[in-house]
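**Q** Annotation comment: Swiss-Prot describes 68 as active site, proton acceptor. Taken from Swiss-Prot, the feature substrate binding site applies to 7, 8, 9, 10, 11, 12, 69, 154, 155, 156, 157, 177, 182, 183, supported by sequence analysis. Marked as Mg(2+) binding site by Swiss-Prot on the basis of sequence analysis: 68.
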């Protein structure tokens, strides 16, 4: 089965291809099929993921899988949340993962409450009008470090310390990260849903 990934993020594609490999599905980036980015006008991960999945399905004629993910920092009332990808631009930096990390660490200077969660919401639709989308949510809670640690992964991986492991996601090998990450948890739920309802 071929499924279009409603994302152009190469990190998400690599992670999700590995995580969904047991199903034998072929995951293809929407950009490779000539599809642009969907609008993400909503304030929740699930609404944005659903909008992205429906958009990709409508423009490709294929079932679609979308991921909307972000960092929710307790000290900031859950922000940046759905605005995670553009977080740095709020503070005068160019858009980008390294600048997001930089902006986060700058904004957290002098803040002792460093609890945060990475959240991944996966939504799969068989068609643009699918009345029963599959929805899976993964969440991992950790502490924001005071400086980046590790060189693996992407996004906020270098600054989210996992208390149970004593390491950031960026300090872990990919297979360990995938087993413990927010996206890995959501993907495991999605695997079960796809097996039960689609395959």
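Cβ coordinates are placed from backbone N, Cα and C, and glycine is handled just like the others.
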**Q** For residue 9 (substrate binding site) and residue 68 (active site, proton acceptor), determine the Cα separation and express it in whole Å.
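**A** Here the two Cα atoms are 11 Å apart.
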**Q** At the level of the C-alpha atoms, what whole-angstrom distance separates residue 11 (substrate binding site) and the residue listed as 'active site, proton acceptor'?
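**A** Per the Cα atoms, residue 11 (substrate binding site) and the residue listed as 'active site, proton acceptor' stand 13 Å apart.
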**Q** Looking only at C-alpha atoms, tell me how far the residue listed as 'active site, proton acceptor' is from residue 7 (substrate binding site), rounded to the nearest Å.
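**A** For the residue listed as 'active site, proton acceptor' versus residue 7 (substrate binding site), the Cα atoms are 9 Å apart.
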**Q** Roughly how wide, in whole Å, is the group 7, 8, 9, 10, 11, 12, 69, 154, 155, 156, 157, 177, 182, 183 that binds substrate, by largest Cα to Cα distance?
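**A** It comes out at 21 Å between the most distant Cα atoms.
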**Q** Between the binding-site residues 11, 155, where is the Cβ count within 10 Å the lowest?
**A** 11
**Q** Going by DSSP, is residue 68 (active site, proton acceptor) part of a helix, a strand, or coil?
**A** strand
**Q** If you count other Cβ atoms within 10 Å of each one's Cβ, which of the binding-site residues 7, 9 has the most?
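**A** Of the binding-site residues 7, 9, the most buried by Cβ count within 10 Å is 7.
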**Q** Compile a sequence-ordered list of residues in the same chain as residue 157 (substrate binding site), six or more apart from it, whose Cβ lies below 8 A from its Cβ; state 'none' when nothing qualifies.
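**A** Once residues fewer than 6 apart are set aside, residue 157 (substrate binding site) is near 150, 168, 169, 170, 177.
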**Q** Quick check: in three-state DSSP terms, what is residue 157 (substrate binding site)?
**A** helix
